[in-house]
Amino acid sequence: MTMKPVIALVGRPNVGKSTLFNRLTRTRDALVADFPGLTRDRKYGDGQLGGYLYTVVDTGGIGENDDGIDVPMTSQSLQAVGEADVVLFMVDGRAGLTAADEQIASELRKLPKPTYLIVNKTDGVDADSAMSEFFALGLTEVLPIAAAHGRGVTSMIEHILEGFTDLELLPEGEHRTSKKPGEDSIRVAVLGRPNVGKSTLINRMLGEERVVVFDHAGTTRDSIEVPFERMGRAYTLIDTAGVRRRGKVFEMVEKFSVIKALQAMEAAQVVVVVIDAREGITDQDLHLLGYALDSGRALMIAVNKWDGLEADHKERVRVNLGRRLEFAPWVKIKFISALHGTGVGDLWGMVEQAWDSAFIKIGTNELTRMMEEITNGHPPPRNGRFRAKLRYAHLGGNNPPTLVLHGNRTEALPTSYKKFLENRFRELLKLEGTPIRLEFKSGTNPYEGRKNVLTDRQVHKRKRMIKRMKK
């Protein structure tokens, strides 16, 4: 039976785990900066070498403190080690051996699985000298690399894969590039301001402590993708960094995190914007909703921390939401408590419904029949002496559903009539939780630009008709 080995990257913060992750997966999925503690959750990625496949797990650094966020970060790293077939223990060749390295090594030596000591940042220094002091850790397999420049990375992964038999091969004919897990699944991005409960919601939806949750704004720094299956359907949940107002973003790392959050939204198919019920919908929430609407993704709102609120406060939140979302009445709203699980189960049905609507399939004949039904009951308004004529329609794309309507003089259609068409198509197609876009294309007139030469008799008749109309 073939297998795809799982390789876990562990070590102190800022030793280059995310840089190596990006090298091994040939992506830039992991956020990288010269800043300790940047990665705080497990991040998965697939890679291949010579047609052989493997999965890499990036983890948060195992911290030296016993309190604060280092504790859950360490827990995430230990879970990754438990899932892995191979462990790559990374150390900093420039910083040398530290007490934290010794402590981590003592735990890894107890594991009944292959563990390799990877001495990173050996560029510009003598590799043998950099490696020498790390032999004291008692790990027999010691490999030097420079992840930032890619030196030694290929030979390292070749050596590691040699320890496996019956490796899974890339299917014949498939393009040999890295493929992210969950690429063929329903991709759901969870967005919101800092500390509104995004990670708690994802953990509740997954049923495990998968994403680090800490009662401090800005816990999630990178966009974390979690692939899994539910009732035979594949999903990828994407936890993102909280997006604050631009004036409150001071750290460069946080600016990168916001960019990654918006990129995650672009890569998703369904976006769930989480709002804090205690604060109601804020201007920043509306900005986030604006980003989501501009992206054209299926969209829903989860109003979190709903439990424990007074009835009059709940009513104020409902009224305010309805008033401020008048521009997008199709957006579905669910009131939940991520901490206690209230209403979270219903989100799955809403996600599936929104995805099905965003990727609707319909033939040209059926869509044209719908268009004729709409225009026969309510034809386009006359513009001067002429009326626009819609002839046929077809599906131009998905996520969002894009309907292309062909006809004559479509540029003369007023905005109000285009909005009417959008609402009627949404109603007939039963689209829920997704925007819809209409594109209008006018046919070319083969006689446009030619001078219309009339005979004397035609000129006389035309003058007579104009004179009669003036009476």
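Note that Cβ sites are derived from N, Cα and C of the backbone, with glycine treated the same way.
These come from Swiss-Prot:
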| type | residues | note |
| --- | --- | --- |
| BINDING | 11-18, 58-62, 120-123 | GTP 1 binding site |
| BINDING | 192-199, 239-243, 304-307 | GTP 2 binding site |
| DOMAIN | 5-168 | domain 'EngA-type G 1' |
| DOMAIN | 186-359 | domain 'EngA-type G 2' |
| DOMAIN | 360-444 | domain 'KH-like' |
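In the predicted model, residues of the domain 'EngA-type G 2' (186-359) average a pLDDT of 79. Comparing the binding-site residues T59, T122, N195 on other C-beta atoms within 10 angstroms of each C-beta gives the minimum for N195.
In this structure, the C-alpha atom of G192 (GTP 2 binding site) lies 23 angstrom from that of T59 (GTP 1 binding site). Using CA atoms as reference points, the binding-site residues G11, K17, T59, I62 were checked against W306 (GTP 2 binding site), and the closest is T59. For K17 (GTP 1 binding site), the spatially nearest entry among the binding-site residues N195, K198, T240 is T240, judged by CA separation.
Broken down by DSSP into helix, strand and coil, the domain 'KH-like' (360-444) contains 32 helix, 26 strand, 27 coil.
When secondary structure is read from DSSP and collapsed to three states, N195 (GTP 2 binding site) falls in the coil class. Of all the binding-site residues in the record (N195, K198, T240), the one with the smallest CA separation from N14 (GTP 1 binding site) is T240. When the binding-site residues N14, T240 are scored by other C-beta atoms within 10 Å, T240 scores highest. Calculated from their C-alpha atoms, the gap between T59 (GTP 1 binding site) and K198 (GTP 2 binding site) amounts to 19 Å. All protein chains included, W306 (GTP 2 binding site) registers 20 other Cβ atoms within 10 Å of its own Cβ. A strand conformation is recorded for G11 (GTP 1 binding site) in the three-state DSSP classification.
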